[in-house]
């Protein structure tokens, strides 16, 4: 599949409207796809309806387990509190903890489920990610505050970029710790017909590396673009005279960046990759 095709695919998956799909609508979509697969599609069903059913299934159903992913942990979940301006030490710790808690659950809910992973690995990855994110975020904030060479305005701008290295490094830690079992035991590899032909540690290494790179690229537009945009918008007369609008405007900016960044990051690599035998 081309990069553009993967981008369109994951753009559908993060559609926030899929969060509100009812259980009956999900069953209807899955049944429609099953009917299409077996050539028993009812007359009058359009291609548009089939693509909509495909979008619903891919956004909600786990591809390995065929189980429904809990709503907050689907790819359309959002946490924007990391970018709130003028954060205190307590708020920095809170938002980093909340973000990594959400990330850990998303990683677990969307994991490669061809091999069982013990709960202890999940807990280990969660604690490692939270500790690394909080440590880096707090450490960088302290360094910036003690940098006397910077003006208060410059210091505030730099502090807004602190979440990115904290989140990126924590995301890598989260992925590696939570999926370390795959490196030891390997993951299932399939032939062209989808039949399992064995278990491969090399394939697991490829999968883990691609996932880690994706987790680094993913927060770039989300945690880099909004601070730049908001630093410009906050100087406008509209937001200066209406400070209560800053948070809603920032949420919209974050939402736009998130909508662009998530499908771009996940589209970097295909969901099913090839390795040489």
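Cβ from N, Cα, C; glycine included.
What TrEMBL annotates here:
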| type | residues | note |
| --- | --- | --- |
| TRANSMEM | 78-98 | transmembrane segment |
| TRANSMEM | 123-144 | transmembrane segment |
| TRANSMEM | 156-177 | transmembrane segment |
| TRANSMEM | 216-233 | transmembrane segment |
| TRANSMEM | 245-269 | transmembrane segment |
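Sequence-distant contacts of the transmembrane segment (156-177) (same chain, at least 6 residues past either end, Cβ-Cβ under 8 Å): 82-83, 85-87, 92, 95-96, 99-100, 103-104, 107, 121, 124-126, 128-130, 132-134, 136-137, 140-141, 144-145, 150, 208, 211-212, 215-216, 218-220, 223-224, 227, 230-231.
Away from its own ends, the transmembrane segment (123-144) comes close to residues 87, 89, 92-93, 96-97, 99-101, 103-104, 107, 150, 155, 158-159, 162-163, 165-167, 169-171, 173-179 of its chain (Cβ-Cβ under 8 Å, at least six residues beyond either end).
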